[in-house]
Amino acid sequence: MVHPQLLKSAAIVDTDEDDNAFTKYRDKAYQYDDEDCDYNIEMFECYNIKKWNQRTSAQMLLGAPSPYQPETSEGLPQVHLNTAKRSGGILEDVPTQSTTFDRQSETVSSTAILVLINNYAVSYIQQDGTKKTVYAKDGWNLLDLAHSNNIELEGACEGSLACSTCHIVMQKEFYEKLEEPSDEENDMLDLGHLLGCSMAFTLTSKHILTHYQNKDLDSVAKLK
Amino acid sequence: MFKVAVIGSGPAAFYTAQHLLKSRSNVSIHMFEKLATPFGLVRFGIAADHQDAKKVANKFDELATHYQKEGRFQFVGGVEVVGSEDADAVANASLSQRRLPFSLLRKNYDVVIAAYGAESAKTMPLKQGRAVSAHDFVQWVNGHPDSIGHSDMFAHHLEAETAVVVGHGNVALDVARVLLDDVDSLRRTDVPDNVLQVLAESKVRHVRLVARRGPFQMAFTAKELREMTKLPNASYMPNELLSSEPYKSSDSLPWLDRSPKRLMQILHGSGDAKAIKSKSWALDWYLSPHQILQDENTKSIKAIQFQKTSPVSSVVPFGSKIELVPNEFVDMPCGLVISSLGYTGLPLPNCSEDLPFDARSGVIPNIQGRVIDPATKAPIEGLYASGWIKRGAVGVIAATMYDAVETADSILADLETAKPDASKQGFAGIQAHLGGKAVSYDGWKVLDEHERKEGAKRGKLREKVVDLKSAMRIIDMGDK
Ligand SMILES: Cc1cc2nc3c(=O)[nH]c(=O)nc-3n(C[C@H](O)[C@H](O)[C@H](O)COP(=O)(O)OP(=O)(O)OC[C@H]3O[C@@H](n4cnc5c(N)ncnc54)[C@H](O)[C@@H]3O)c2cc1C
Ligand code: FES
């Protein structure tokens with residue numbers, strides 16, 4: 001359940017398309033972040049380092065879940081506030097100016113993150129340096145998510161935790177909030193890095209993110 | 001269109017091609033492969049119990065299929081690129097040994113990329129006796145055409161109870177796993193049937209992995225070493241050296257890298273003496289192979305004799321520099337010795353002038369993939385290297401991928417200021433010299449399907465057609 005107060009706060013946040021707005025918003029959100037809440041909101045920096053020497057930074061924004069599940073096409077949610085509004089319900093009081101939500105846009109409206117996304121928004125910084133923000137559902141991992149959105153991220157072993165080509169780097173501060181990677185994942189990585197195919201979104205964990213081990217990938221696929 | 005020729009069809013070739021094809025629409029690629037089959041070490045190197053790592057072939061397949069449809073990719077299999085040779089001899093060669101002079105590629109393509117791998121095994125110098133090479137063993141288990149008829153030889157070798165593998169790299173572990181694991185774990189993979197038969201009869205119970213240098217110099221990756229400690233049928237017998245300093249407290253050594261630390265953690269955390277399994281394995285260090293000792297009458301191997309080495313303690317990291325200890329020898333009883341000292345690159349056959357080669361390091365001299373003239377250090381226009389032949393025979397596929405992207409980036413940068421050369425005819429310019437049809441990508445798909453079908457009948461992934469002539473026959477029948 002989304003905390004009603006949080007929703008309200010979302011409604012009053014300025015939807016300026018910049019990260020400051022997000023930070024402001026996040027600070028507000030934190031006021032309501034307590035043990036009973038089954039959502040959380042975090043901002044992540046991550047780096048796609050398919051090219052070792054051309055590290056580009058990526059921002060990954062994790063939004064809290066909304067009870068509303070938007071329509072999906074080919075498994076991916078089509079996020080659009082108008083759709084959300086049409087479906088009625090709890091989203092009624094969201095200001096209309098946040099309807100301009102562009103899936104391809106470089107920046108993300110922080111308000112949109114909270115109220116629109118069925119579960120999570122993730123921004124990948126791609127090899128050419130551009131940012132692409134996409135939406136994930138519970139159970140998706142970063143590799144599948146990238147691929148379903150035409151974001152280039154190699155996955156040579158198809159998510160079997162056997163090749164490490166789906167390598168992603170995340171800012172240490174946020175990386176440390178994740179659960180410890182499994183020994184198997186850790187064996188393949190340098191500190192502060194993670195494998196796109198091993199990290200799936202889940203709401204059950206306190207940290208939102210859980211590392212899925214090899215054997216769990218089947219269940220991840222089913223969730224899809 | 002820029003016409004690009006790639007020599008080889010392993011991961012380096014495919015990843016370089018992928019980056020070029022995706023980045024520019026005016027690039028077309030021909031990939032020349034000496035074998036009838038693509039994918040290099042993915043098919044013939046990566047261990048059979050690492051099928052997940054072999055899945056990368058699916059990615060390459062998608063790429064080839066997609067760009068072939070676009071008319072920008074062509075696989076030219078069964079054609080070995082060689083140095084300057086008599087053109088007539090080339091044209092007359094039989095289908096299974098077609099050879100194409102490197103100079104013809106240079107003449108007909110704007111860009112030539114050497115991505116032909118580093119396929120030769122480093123040999124182990126011994127005063128007496130010869131070791132089996134891990135390279136040959138791996139090829140045999142993977143059904144490489146060069147291993148045809150090797151089953152009898154290995155059946156004989158595997159009568160030994162104890163095998164000593166010299167070398168502490170991942171390939172040594174690949175070999176050890178095949179020797180120690182239950183053959184049933186391989187039955188559903190792509191190990192050829194006749195190899196499985198031989199492995200089922202193997203008497204090997206104990207494997208010792210030995211290296212000249214110390215524990216901190218082990219070149220295993222953590223993943224493979226951990227896998228080794230989890231073998232269901234073989235227990236790890238800890239070496240007491242690890243309970244002495246500095247190995248005992250490796251975690252707290254400030255000068256030690258993360259990678260050796262991790263390996264040490266894995267070893268320190270393994271080896272439960274209570275759980276004795278039917279087979280076992282052990283690690284030994286600071287031993288330099290000296291000679292193989294044979295039984296005078298039967299000529300069978302009795303032991304391998306090592307000369308002890310010791311670390312030069314002033315050199316950090318500890319053990320990276322060693323010296324032989326005079327007159328100190330150790331005999332290690334065994335019936336089989338396998339050398340796994342790594343791979344090295346070779347120049348293209350009979351190719352000395354056109355494509356520079358650094359024999360000392362076994363690579364093509366280059367700067368970020370641009371092949372350079374060794375004397376002047378200036379890049380040679382239109383000539384590039386990628387993968388193991390560029391960097392040396394180290395690194396997993398992910399590393400080869402990064403490396404291929406670097407080469408592709410260099411090419412892309414150079415193409416920015418270049419124009420396609422109208423005098424370059426591409427494939428049209430060499431077709432006549434091939435003296436017949438090469439294996440196309442569709443041809444490979446015929447063989448691929450045949451192998452999968454044969455495999456399905458036996459409840460396995462595929463049954464490889466090892467013999468090149470048979471492979472060619474199947475391809476010819478199916479690919480009209
Ligand atoms: C035994 C072994 C096990 C390995 N296991 C793993 C693993 O589990 N996971 C992992 O990630 N990596 C593994 N690797 C590493 C991986 O195989 C390499 O990183 C990768 O294959 C290097 O790619 P490459 O294209 O440079 O060379 P290769 O894969 O060797 O490809 C070279 C190709 O060129 C062809 N060729 C050679 N000469 C000529 C010529 N004259 N004309 C035309 N074609 C030619 C060859 O037939 C071959 O197809 C393993 C390597 C070995 C040796
Ligand atoms: S896709 Fe291979 S390890 Fe993630």
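Using N, Cα and C of the backbone, Cβ positions are placed for all residues, glycine too.
A TrEMBL annotation is a machine prediction, not a hand-curated record.
What TrEMBL annotates here:
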BINDING   B:Ala12, B:Glu33, B:Leu41, B:Val81, B:Trp388, B:Gly395, B:Val396, B:Ile397  FAD binding site
BINDING   B:His168, B:Gly169, B:Asn170, B:Val171, B:Arg212, B:Arg213, B:Glu224, B:Gly395  NADP(+) binding site
DOMAIN    B:2-180  domain 'FAD/NAD(P)-binding'
Neighbourhood of ligand 1 - binding-site residues from B:Leu41, B:Val171, B:Arg213, B:Glu224, B:Trp388, B:Val396 with Cβ under 6 Å: B:Leu41, B:Val171, B:Trp388, B:Val396
In the chain carrying B:Leu41 (FAD binding site), residues 6 or more apart in sequence that have Cβ under 8 angstroms from it: B:Gly10, B:Pro11, B:Gly117
Whole-number Å value of the largest CA-CA distance among B:Ala12, B:Glu33, B:Leu41, B:Val81, B:Trp388, B:Gly395, B:Val396, B:Ile397, listed as FAD-binding: 25
Three-class DSSP secondary structure - B:Val81 (FAD binding site): strand
Listed in sequence order, residues with CB under 8 A of B:His168 (NADP(+) binding site) and six or more positions away: B:Leu209, B:Ala211, B:Arg213, B:Gln217, B:Met218, B:Ala219, B:Phe220, B:Leu283
Secondary structure at B:Gly395 (FAD binding site), reduced by DSSP to three states: coil
Inter-residue C-alpha distance, B:Gly395 (FAD binding site) and B:Asn170 (NADP(+) binding site) (nearest angstrom): 10
Distance [Cα-Cα, Å, rounded] between B:Val81 (FAD binding site) and B:Val171 (NADP(+) binding site): 27
Interface-adjacent binding-site residues, chosen from B:Ala12, B:Gly169, B:Trp388, B:Gly395, B:Val396, B:Ile397 when a CB lies under 8 A of chain A: B:Val396, B:Ile397
Sparsest-packed among the binding-site residues, when each Cβ's other Cβ atoms within 10 Å are tallied, from B:Glu33, B:Glu224: B:Glu224
Least surrounded among the binding-site residues, given as B:Ala12, B:Val81, B:Val171, B:Val396, B:Ile397, when other CB atoms within 10 Å are counted: B:Val396
Structural state of B:Glu224 (NADP(+) binding site), classified by DSSP into three states: helix
Rounded distance in angstrom between the Cα atoms of B:Ile397 (FAD binding site) and B:Asn170 (NADP(+) binding site): 13
